[in-house]
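Copied over from Swiss-Prot, here are the features:
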BINDING   G76, S77, P78, G79, T80, G81, K82, T83  ATP binding site
Amino acid sequence: MQSQDIISNDTLVNLQEEYDRTQIQEVLNELNQELIGLVPVKTRIREIAALLLIDRLRRKLELVSGNPGLHMSFTGSPGTGKTTVAMKMADILHRLGYIKKGHLLTVTRDDLVGQYIGHTAPKTKEVLKQAMGGVLFIDEAYYLYKADNERDYDSEAIEILLQVMENQRNDLVVIFAGYKDRMEKFYESNPGLSSRVANHVDFPDYTSDELLQIAKMMIEEQQYCFTEEADKTLLEYTERRMKQPYFANARSIRNAIDRARMRQANRIFASGEKVLTKADLVTIEAEDILKSRLFSLPNA
């Protein structure tokens, strides 16, 4: 077909109507409202959504529309929102008609790999059966490959995944997730897998200011509030915690808030006050954070 033949058809499609009908703006708005920062991630998700929407319009005009590669890789530290974004991505794919159900199934190596011969295939196939029509999110996917373990049955799980990713890509989207450096080695060791993953999204660590915003969102959801001094103390706590081992971004902040709530409850209980105001029950004081052992660590 000549280029002039392709563009000569004067059939029109309405982009705005299609955009409104699929209601993907609702999901994109939720991403912006629910997740602090992560600008590169949000931009990448918008780009993928735009491609899929335009692809949908091309199909309406009977233009060639190669099935876009939808399998993805989410890389980044723990607590950077990978699972939350995967849920939103599943919603977008469902609204645009690329998956039938739109659910997200989160698994790890233990859900896919058996401990003895003949156990891995049925486990992996059962997980895939549950995930069909939706998105399969494999967290810490690099644990599926252990080159130094001859008795490991991971390769069988990977082979089954490869077959399904290739042959049933209209029924299932797979997202592999984990630390960036480990995921890169995982793909190097499994070139067949790497070639089937078209979209790579890197999740940056949060800044201390972004983590403070996240903390405020979390306590508002639980109907608590910080005093001005507690605000400053939590920021100092966050900056110290970021330098410590096993820091997990928003996950570590959630844990810190849970402990601050416990200290607040104990402070109120120990005060012996018989009558409490609403303010007493909702206010987190600086001392509720300062009692963290982090402030007693040398060089913390």
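Including glycine, each Cβ sits where the backbone N, Cα and C put it.
The ATP site is set by G76, S77, P78, G79, T80, G81, K82, T83; from the centre of their CB atoms, other residues of the chain with a CB within 8 Å are F203, A248, N249, A250, R251.
Around T80 (ATP binding site), the C-beta neighbours below 8 angstroms that are at least 6 residues distant in the chain are L38, F203, P204, D205, Y206, N249, A250.
Around T83 (ATP binding site), the same-chain residues at least 6 positions away in sequence with a Cβ under 8 Å from its Cβ are L104, T106, F137, D139, A177.
Using a 10 Å Cβ-Cβ cutoff, P78 (ATP binding site) registers 19 neighbours.
According to DSSP, K82 (ATP binding site) is assigned to a helical segment.
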